[in-house]
Ligand code: DAT
Ligand code: MG
């Protein structure tokens, strides 16, 4: 059974625009398993930890302000190749460079309002999951597993 996990987050603009269901639907349709989900209002310190690798970037203060502007939907998804596949479902960082059919390609225009986050490596995914879900995730063996994996 696939054990790879990724951290996916609908950002405040995605929540405000009512795109939570749309984003969840795309991960469900693909066959990935939802193993954690919570609506959260992270504080400055938490967001600075999440985006620590970008702290020297000029857009960092604006990024943190935007991420604090409303609730986010924090999720963990599990499945074969889910980290890379999650990034493919999301599209490019810059929505204008994202193909139609991707989340950012279909629903966003500006890099600073790109609707959703997805971990960029297995290692970072595990770090982000530990940060956002310190109490852990749900462990459940789906009955449909053999219809999704050969
Ligand atoms: P991604 O979210 O695709 O992993 P990233 O980790 O490089 O991209 O950056 C995190 C977020 O920071 C990104 O989703 C939007 C914002 N961001 C990145 N580059 C930016 C830029 N040049 N101007 C404004 N915001 C930017
Ligand atoms: Mg990133």
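Glycine is treated like the rest: Cβ placed from N, Cα and C.
As recorded in TrEMBL, the features of this protein are as follows:
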type	residues	note
DOMAIN	3-140	domain 'Nucleoside diphosphate kinase-like'
BINDING	11, 59, 87, 93, 104, 114	ATP binding site
ACT_SITE	117	active site, pros-phosphohistidine intermediate
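Feature map: annotations from TrEMBL on the structure.
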{"residue": "11", "record": "ATP binding site", "DSSP class": "coil"}
{"residue": "59", "record": "ATP binding site", "DSSP class": "coil"}
{"residue": "87", "record": "ATP binding site", "DSSP class": "helix"}
{"residue": "93", "record": "ATP binding site", "DSSP class": "coil"}
{"residue": "104", "record": "ATP binding site", "DSSP class": "helix"}
{"residue": "114", "record": "ATP binding site", "DSSP class": "coil"}
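With a cut-off of under 6 Å between the Cβ and any atom of ligand 1, the binding-site residues 11, 59, 93, 104, 114 reduce to 59, 93, 114. Cβ neighbour counts within 10 Å, taken over all protein chains shown, single out 114 as the most crowded of the binding-site residues 93, 114. The ATP-binding residues named in the record, 11, 59, 87, 93, 104, 114, extend over a maximum Cα to Cα distance of 21 Å. Neighbour counts of Cβ atoms within 10 Å were taken for the recorded positions 11, 87, 104, 117; the minimum is at 87.
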